[in-house]
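Colleague: Checked TrEMBL, it gives:
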- A:24-44: transmembrane segment (TRANSMEM)
- A:56-79: transmembrane segment (TRANSMEM)
- A:99-123: transmembrane segment (TRANSMEM)
- A:130-149: transmembrane segment (TRANSMEM)
- A:176-194: transmembrane segment (TRANSMEM)
- A:225-246: transmembrane segment (TRANSMEM)
- A:261-288: transmembrane segment (TRANSMEM)
Amino acid sequence: MTAQMTAPPETPAKPRRELVASVLQRQGAAIALVVVVAVAWLAFPRFGSPDNLRDLALQSSFLAVIALGMTFVIITGGIDLSVGSLYALGGVLAAYGSQWGFLAALLLPLLVCGAIGLVNGLLVARTGMAPFIVTLASLLFARGLLLAITDEGSTTYQIAPGSAFLELGRGTVFGFGYPVFIAAALCLLGGLVLRRTRFGQSVFATGGAEQSALLMGVPVARTKIAVYTLSGVLSGFAGALTASYLQSGVTVIGVGTELDAISVVVIGGTLLTGGAGTVLGTVMGVGLRNVIQNIINQIGTLDSNYQSVVSGAFLLVVVVLQRSLVRRR
Amino acid sequence: MDPVLEVVDATKEFGGVRALDGVSFALRPGEVHALVGENGAGKSTLIKVLTGVHRPDSGQLRHRGEPVVFTRPAQAQQAGISTIYQEVNLIPLMSVAGNLFLGREPRNRWGLVDRARMNEMAERVLAGYGIREDVRRPLGTLAVGAQQMVALARAVATDAHVVIMDEPTSSLEPREVETLFGVIEELHRRDIAIVYVSHRMDELYRICDRVTVLRDGKHVHTGPLAELPRIELVSMMLGREVGDIRAHGTTGFGEDHHAGREPVLRAEHLASGQRLRDVSLTVRPGEVVGLAGLLGSGRSETARAIVGALPLDSGTVLLGGKSLPRGDVAAAVRSGVALLAEDRKAEGIVPNLSVRENIVLAALPRLSRFGVVSRARQDRVVETFMRRLRIKASSPDQKVAELSGGNQQKVLLARWLCTEPKVLLLDEPTRGIDVGAKAEVQALVDELAKEGLAVLLISSEMEELVDGADRLVVLKDGAVVDELVGEQVTEGNVLAAIASGGERR
C-alpha cells in the first residue's frame, strides 16, 4: 500500500516494440508504397513514364471510390460484401440509362445501388443481423439482377458514341483522366467528413464500442444505415465511371472486387474490428495494390496472379499486427 | 423541497422474475442520495429505469414534478440526467477529448469539428479533475481510474442536474477517490443531485445525506444516513434482525474441532488491484470454512484467485504445503482444487449434453486410455454419483437442460467430485434452486466434509453460512476483517464484523 503514496504515477513509456507495431499498422501501407515506388522507378525505366503513371492513377481511381465507402463501413465494425456486385450493376445501369442522357446515366446507378445499400443498412441496424450475411445476400441479389437485365450477360449495353456521359470517364486534364480527379475529390471530402464532422465521430464511436456509444447518446442505428447507403452509392458511382470509361456496361467486372476493397482498406490501417482508420490509409492501400500489379506487369515474365500472392501476404502481416495491437488494448 | 427526479410505485419484471416490486424513490435537488442493497435487490434495474434504458411495466417516472417517459438513454441525457457506470462506458480507441465531447463537439463556422478548440477545452476541463494527460491520446491508453474521471467529467459537463454514479470508486486508487469526492462536493454546491451506489460503508457515511435501501426488488427504508447506525443499515440490506447483536460480543472462546489437523489449503495475502487487497485463509481437511461479507467484498474474487482464474498482484496459494503456480487453472485442478462457480449457466453446465456427458466432462482424461473413452468405466462413475448425490433424472442420457436447478447443481458437483478433489470451493451453491433441493445440497456439503474434503463455502445467505460452516472468515472491501470459530459463528457476530470493519481485530 505504500507504493500508492509515492509521487503521482508517470504514464509508462510505451515499449518500443509496441510503438513499432503501431506505426507499422497505421503507416505500413505508406511506407511500403514509398519503398515499392522507389524500387520500381529505379528498376523499370518505363515505370516512371507519364503514360504509365497516368494509367496507374486511372486504374486506381475506380477501386479508390469503392474502398472509400468500405472504409466507413469497416470503421463502424461492419463489412460490405455487396460492393463488387453493385459496382458491376452500376456500370450496366449507367450504360442502360445513357440512352436517356447524361443525368439518367448518372442517377440510375446511384439510386438503385444506393437503395440496395439502404436495405443493407436497415437490416444490419434494425434487425441486428450480421453484416456478413446481409451483404452476402445482396451480393447474390445484385449479381442476379444484373444477369437478369442483361439476359445472363449476353446483352451488353453500349454507350452511344458522342454521348455526353462518355466525357465523365474519358475526359482528361493534363493527360490525367477525370476519374482520377473525381476520386481524389471524393476521398478528400470523405476524409473531411470522417475526421471533422459529428457524423464521422459517430462512425468511430459506433465501431469502437457500440454499447458505450448507445449509452453516450450516439445515434448508432442511423450511423449504420448511413454508411451502408454511402457504400452502395459509391459502388454504383464507381460502376458508372467504369462504364463511361469502357463505353459500355461490362457484366463480368466486379467479381471479387469486394475482397480487393476490404484488403486495401485493412492494409491501409483501418482496424477490421472497427473504431479506427483513415481515408488516406485506404488511398495508400489502393496505390500499393496497383503499383505491385504494375510492377508484375512490367516484369512481364511473372504471372499476373502473383499480384494476389503479394497482396495476400501483405494483408496477413497487417492483420497480425492489428491483432497484437488490439489485444494489448 | 420537491423532488427533482422521482419514481412512484415502479414494477419491472424480467421473464417472470420481479426485479422491481412497487418501488418508490425520490431524489431531492442538491442531495447526495445513497442507494444500497445486496445482489438482486434491484439497484441496477432502478438505475436503468431512471436513465431510460428500461421502461417500468407499471408505475411512473417524474422529472421536476412532470410525468415523463424516457425511451432511450439519449432522452434522459437531454433532460439533464447523466450516468457513470461501474465499467467505464466510453470508446477506448477514440481520443480522450473526442470521448469527452462526443455528440457535442465544438464546431467552426463551416460546421466542422474544431479539433484545436476541442482539445484545448478538454485539457482545461480535465485539469479540474486532476487529469493532465495528452487529450489527443486514445482513451484506452489511460489508466482505468483516469478513464473513470473522464467519464465523470463527461457526465457532469453536459448540463446535468442529476448525476447517477454506479459504484464509481470500484476501480479507483485512494488518491483518485479523494478527487472524486472533491468533485462530488463541488456538484453539491452547484445544487446538482447525486444518486450514489456503493458497498463501501465508509464512503457512504462520508459523503451521502440520505440513504435508500432495497432488498429483493422491494423498498425497505429511506432516511437520513448520519442518524442510522451502521449495524442497522447492514442488517436492513441483509434482511436480518439486529436483535441483541451487541450483547453477543466475542468473549466466548470458540472450540475448533479441526484445530489439530494441518490445513490442506492455505492462501496467503492474496491481492489483486482494488478488488482483493489482503486475504489470507486456511481450510483443513473435513472442515467447512464460510466466506462472509457484503456484495463486492471480494468473496467470489477470493475463490477465483485460489484456482488461478483471477490475476494476482501478490500472494500465494499453497495446497498440501506446495505452492500452486499463479494464474494456471489447469494446474490447480490437477492438484485437486475444484471451483463450483456462481453462475452455473455461464460457467459450468452444458445444457444440451446429457447428464452422463456433463458429469464425466472434467474427468475424461482419467477415464480414457490413448484418447479412447471407456464407456463401461464412464457408466460406473456416473451411476455411483447419481446415486450418491441423489440426482433425479429419468436416465443418465437425459439432457441436463431438462433438470431442475437443484439437480443441475448436483450434476456440476458430481462433475467436480469425480475428479477426486482435495479442496472444494462452492460459490453460492444454492442460489436459484428451490427450498427442498437447497436443504439436500447443504446436507451433501456436510457429508462430503465429514468424509475428509476441505470445503470453502461462499453464500449471501447468512443462515446458510452460520448453519453450514465450522469457521467463518469475514471479508470487507477485499480484506479479511474477522474470523469466527465455533460458537462465535452467529449472525449477530457476522453483522457486527461487517458493520464495524476491522476495529475488532
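Keep in mind that glycine also has a Cβ here, set from the backbone N, Cα and C atoms.
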Colleague: Using Cβ atoms and a strict cutoff of less than 8 Å, what residues sit near the transmembrane segment (A:130-149) while being 6 or more residues removed from its termini?
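Modeller: Distant Cβ neighbours of the transmembrane segment (A:130-149) are 73, 78-82, 84-86, 88-89, 92, 96, 113, 116, 119-120, 123-124, 228, 251, 258.
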Colleague: Based on Cβ pairs under 8 Å, which of the stretches A:24-44, A:176-194, A:225-246, A:261-288 lies most in contact with the transmembrane segment (A:99-123)?
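Modeller: Highest pair count goes to A:225-246.
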Colleague: State the residues, same chain only, that lie 6 or more residues beyond the ends of the transmembrane segment (A:24-44) and have a CB under 8 A from a CB inside it; answer 'none' if no residue qualifies.
Modeller: 267-269, 278, 280-281, 284-285, 287-288, 291-292, 294-295, 298, 314, 317-318, 321-322, 325
Colleague: Mind checking which residues reach the transmembrane segment (A:176-194)? Cβ under 8 Å, same chain, six or more beyond either end.
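Modeller: For the transmembrane segment (A:176-194), the nonlocal Cβ contacts are 54, 57-58, 60-62, 64-65, 68, 71-72, 75, 167-170, 200, 203-204, 234, 241, 245, 278-280, 282-283.
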